[in-house]
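*Asks:* Let me begin by handing over the structure; questions about it come next.
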Amino acid sequence: MMLFGCRRSLWCALSFLGAAAGYRVGSAYLGTSVLQNQTPFELRNSKVVTQCTMKVELIPALTDNYMYLLIDEESKEAAIVDPVQPQKVVDAVKKHGVKLTTVLTTHHHWDHAGGNEKLVKMVSGLKVYGGDSRIGALTQKVSHLTTFQVGSLHVKCLYTPCHTSGHICYYVTKPNSTEPPAVFTGDTLFVAGCGKFFEGTPEEMYAALIEVLGRLPPETRVYCGHEYTINNLKFARHVEPCNDAIKQKLAWAKETYNSGEPTIPSTLAEEFTFNPFMRVREKSVQEHAGERDPISTMGAIRKEKDHFKVPKD
């Protein structure tokens, strides 16, 4: 979400300016004191997803954001995705005993890129990647299919404009590994949803979701920018009330979130079963939208979602 016009803009500004000496990560406090103005979301548990070749720590930030610490287990080199709260990043890096070398910025909005300039002052020598000159502290501007390494991990940049005109998703693999790849999707693809079309069109979001992300291996794990899963699934249920995959995922998401755990990651295979924006080619979604083609359907359901009143149940 953008800082301007953002319903939490005041909180965003205050949380960034306030010096954070300590944070809760898992069940332990880090640092010397606790930030008085932390949101309930920030106090939720972090989550570590471990594979034999890479480790991803989901770090809650602000009111519903996630930062992701990506660790190459072989070299102990690390990258951070969208480090809006730099002190929390530094604390996580120290906890894991790794070397932070890289910042992966999905887009320029404050709640994703707003910590870059502070972080590069806290950690020297960082390479800051992104696809938009509006990104703070940018050192490496990338484009579609740009590749680079984080230790032994291979990172491929995927250009997915629409939410913003310079949005990049980061697809991470380990050569010769049998483990699932990971993709960090920022505000393009959410669990059961997609980002608002602030600087783009239905055609662009269709291309991003179906023709770019949708062609990645189905087992790819999706790490998105926000904890919007429950509300997204309630809209998905509204679009397809008879879809059992949506009902099952919503029940799971409620239970998982209420237990203090993130509902992320999902997989691309899952998204095609319950995400209406990934299902715009399905007859049931087109009939709900009153459209006959997937791109018109994409535009119609995004417009409807923008004004959707989320039910309590």
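Heads up, the Cβ atoms here are built off N, Cα and C, so glycines get one too.
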*Asks:* Figure out which of H226, H238, H288 sits with D111, H112, D187 in the Zn(2+) 2 site per Swiss-Prot.
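*Replies:* Only hit among H226, H238, H288 in Swiss-Prot's Zn(2+) 2 site, alongside D111, H112, D187: H226.
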*Asks:* Return the residue out of H154, H163 that Swiss-Prot annotates for the same Zn(2+) 1 site as H107, H109, D187.
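*Replies:* Candidate listed by Swiss-Prot for the same site: H163.
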*Asks:* Can you see whether DSSP assigns H112 (Zn(2+) 2 binding site) to helix, strand or coil?
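*Replies:* Note: H112 (Zn(2+) 2 binding site) is helical by DSSP.
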*Asks:* Report, as numbers and ranges, which residues of the same chain sit near the compositional bias 'Basic and acidic residues' (301-313): CB under 8 Å and 6 or more residues beyond its ends.
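*Replies:* Same-chain contacts beyond the flanks: 193-194, 196-197, 202, 205, 231, 234-235, 238-239, 276-277, 280, 285, 288-289.
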*Asks:* I need the nearest neighbour of F198 (substrate binding site) among the binding-site residues H109, H112, H163, D187, H226, using C-alpha distances.
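*Replies:* Ranked by Cα distance from F198 (substrate binding site), first place goes to H163.
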*Asks:* Measuring Cα to Cα, how many angstrom lie between H226 (Zn(2+) 2 binding site) and H109 (Zn(2+) 1 binding site)?
*Replies:* 13
